[in-house]
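Sequence annotations record features per position, and here TrEMBL assigns NAD(+) binding site to 15, 95, 167. Annotated active site, proton acceptor per TrEMBL: 150, 160, in sequence order.
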Ligand SMILES: NC(=O)c1ccc[n+]([C@@H]2O[C@H](COP(=O)([O-])OP(=O)(O)OC[C@H]3O[C@@H](n4cnc5c(N)ncnc54)[C@H](O)[C@@H]3O)[C@@H](O)[C@H]2O)c1
């Protein structure tokens, strides 16, 4: 049996689409560690995905919410508090989508309407989520809010399109809201910058398979697997990390601090 690190904790998990999703793995680990939580995704993803299967397996309720809609978010957190029987201790935002990336648009030829949509779904939704949690007083004292990011926020990855700026915006929202939430009721807000991972969103990036191998060789520990990301996120939701806030935390096998790995030349 897993350590009951999250016994008694109530949470909300966004973004589990299928069993490859980072959020799916995180939900699995949080469940094993004793947490109770609701699961949510966009209505369209609920029709296409397998979320009900995950929910049934772990006895969680699914509440549909488009993360760009304030109304949906208000409904989600109000209902989650009712279902879980109290304020929320942890929230995972694992949401990303870019039509430009999906359609393999070159960075020098992006469609700006799609770019706005990317920012709205992948980054502004994080601010909306935090604002609804803040104004509705939904978070418990010493709660923990996490978003998932990628190192393209700091370094250039040419095929990542405007998702790079989207992640930079996400990390900045987390930092800024971390101040407001910390002052309000000791809630911490962080982002976890994860290695490339074979998921629906990941595989949508042109050249992802080659890049996955490059990341694996560059990182002294290799790419961090989704299961380990889940363990790390669970630690961030636990009481063992109460004073970590306003940080972008690399969970990447060391990739972010490497310049060159001779393994790549072999
Ligand atoms: N896969 C990687 O290589 C990698 C690396 C670092 C960070 N991340 C980040 O991890 C997070 C989760 O992605 P993933 O790789 O598990 O892929 P995924 O495709 O399984 O998850 C993306 C999720 O976003 C949801 N979503 C899209 N639009 C939405 C909306 N309007 N409202 C609510 N939900 C919406 C999708 O339904 C899906 O469940 C994303 O933020 C992604 O950028 C992924």
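Cβ atoms are placed via backbone N, Cα and C, with glycine included.
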### Query
Same-chain residues six or more away whose CB lies under 8 A from the CB of residue 15 (NAD(+) binding site)?
21, 22, 23, 41, 92, 93, 94, 95, 148
### Message
Can you give me the Cα-Cα distance between residue 150 (active site, proton acceptor) and residue 167 (NAD(+) binding site) in Å, rounded to a whole number?
### Response
7
### Message
Name them in sequence order: residues not among 15, 95, 167 whose Cβ is within 8 Å of the mean position of the Cβ atoms defining the NAD(+) site.
### Response
14, 93, 94, 96, 97, 121, 122, 125, 126, 147, 148, 170, 201
### Cβ packing number for residue 150 (active site, proton acceptor), 10 Å threshold
27
### Query
Measuring Cα to Cα, how many angstrom lie between residue 167 (NAD(+) binding site) and residue 160 (active site, proton acceptor)?
10
#### Entry: Distant-in-sequence Cβ neighbours of residue 160 (active site, proton acceptor), under 8 Å, six or more positions away
101, 150, 152, 205
### Binding residues 15, 95, 167 (NAD(+)) - maximum C-alpha distance in whole Å
16
### Message
Around the C-beta of residue 167 (NAD(+) binding site), how many further C-beta atoms are within 10 angstroms, looking at every protein chain?
### Response
25
### Task
Within 10 Å of the Cβ of residue 95 (NAD(+) binding site), how many other Cβ atoms can you find? Include all protein chains, please.
24
